[in-house]
Every structure is written in structure tokens, then in C-alpha cells.
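> Take a look at this one; I'll ask things after.
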Amino acid sequence: MLPLLAALLAAACPLPPVRGGAADAPGLLGVPSNASVNASSADEPIAPRLLASAAPGPPERPGPEEAAAAAAPCNISVQRQMLSSLLVRWGRPRGFQCDLLLFSTNAHGRAFFAAAFHRVGPPLLIEHLGLAAGGAQQDLRLCVGCGWVRGRRTGRLRPAAAPSAAAATAGAPTALPAYPAAEPPGPLWLQGEPLHFCCLDFSLEELQGEPGWRLNRKPIESTLVACFMTLVIVVWSVAALIWPVPIIAGFLPNGMEQRRTTASTTAATPAAVPAGTTAAAAAAAAAAAAAAVTSGVATK
């Protein structure tokens, strides 16, 4: 830092030469800004070398994949599976590692529901979705940010540490590396991974008509099970009404069998004359005999 300051001061305020000029005292005005400060000896000419911290490098240009992902339209689809679950899909061209954010937007600046998912891939099932009380309309915003980096550091690498002053004093030749050494990967939140977010605004009421929501769709399995259970209930109901009839009829007297039993008994035994009928016939015979006797006495 000191040689650089001396060079700037010398350029701003040039000093007059003393006893032969600056050629006799090469170290008076300092070294150029693009020269190395680690010379091996005073007689050796100073060779210009590249310093990692002398000038910042050119800004990094995004790769073609990242540029395509940034310019690509949102390819996000949301389907409602159950009452409180969503199935989210997005295109793979957006990246490998994706972060997903879901939050409500109709609460006047306060998110009634918010969820975050880190390093996920499609498809993603979001369960236990927070629903507004009273069946009110709920607007949500879904943001997906994806990056093309998988566990490597994308930020600018730091230069290596400067050599010690003892090595420079001893005159040992030291050379700075042409490229700075890579540092070991740090935590994920220090890696500086670029993400390209794409957001989608939707409402839960708009998803009710989609074929992915099973509450509005009746699968063939449910229909068949419902028909079978209805048939079973009808059969059991009819059987419950019919099965007591033959059992109760077995305990009741049968009219046809009673008539057959009476006819056979009458044919086997002689007919009996009733007592009243016999007395009337005897009275009639006695009256006839008395009348005959009376008529015979009158003729004599």
C-alpha cells in the first residue's frame, strides 16, 4: 500500500532531481504500480508481475444456461389434490436446485399462510395448506427460484496471502501464482449461488375446476363401490321383509289340509241322524196312525 501511495504523490507533485536525478536513486520515488515488491536483490531488474489485488477483474458474464433460464417464461403449473394440498410442477430448464416460496397475498401486507422449501425438484406436493376462515377467497403467490450450480462456489475467488517480510529480506525468490488458489467450499449461505425467481399468482377457487382435484371428480372405483353397496342394502332390505313370511305361515293352520281331513273322516264313518230329526219323524208317524184309526171308526 505504501509504494502505491508514494507513486501517486510523485505523479501529482514531481520533485526536482537531486545530485544526478532520479536515475541515481531508483528507490526515491518508489516502484511502479504494476511492478512486484518482492525483488530478490538491488542489482536485479524489477520484472513486472501480475498482482491479484492490483486491479479488479472484468465482471463475470452469466453462462448460456443461466441466461436462457432468466429469459425463459414461467412454466409453473399448480393442481389441487385435496382440500388442503397442492401439487406443483415446473420445467427442468429453470435449473437443478430450486427454492420454492408460497405465501398469501390478500391479507393487506400480512401473509396469512407462508411456506418455504429449499433445494427441491419437481413435482412437489405441498400438504397442510392454510385455509382462510369462513371460506373466504384466498389468493396465493408461488415463486420458484432455480440455479445451475451444484455444490460449487460461483463467487470471485480471493487472492492468496502475501509472502512474509522475512522471506523478502532473506532474498529468497518468491513468485505469485498466475491464478489465485481456490478456497474450500464454505456453508451454503456463503456460496453466493444465483437464483432466477419466477412467480405465479393464483386463487384457490380457480383450481376447483381442474381435473386434478379429486373432490370434484368421482373416480370409477368410487362409483362401483357405491353401486355395489346400494345393491347390497336393497337385497338385505327385501330379505328382511320376506324371510319371516314362511316361518309365520308354518305355524298357521292350512285351509286346504283341513278340508281334506274332514272329507276323509266323513267317508270312513256312517252318517249319523241328528236327534232332533228322529223325534220329529216319530211324531209325524204317530199323528198319521191316529188319523187312520179315527177315519176307520167313523166309517163303521
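Along the chain as shown, the residues are counted starting at 1.
Just so it is clear, glycine is given a Cβ too, placed from its N, Cα and C backbone atoms.
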> Could you check Swiss-Prot and say which of N34, N75 is marked as N-linked glycosylation site?
N75
> Give me the count of other Cβ atoms within 10 A of the Cβ belonging to N75 (N-linked glycosylation site).
15
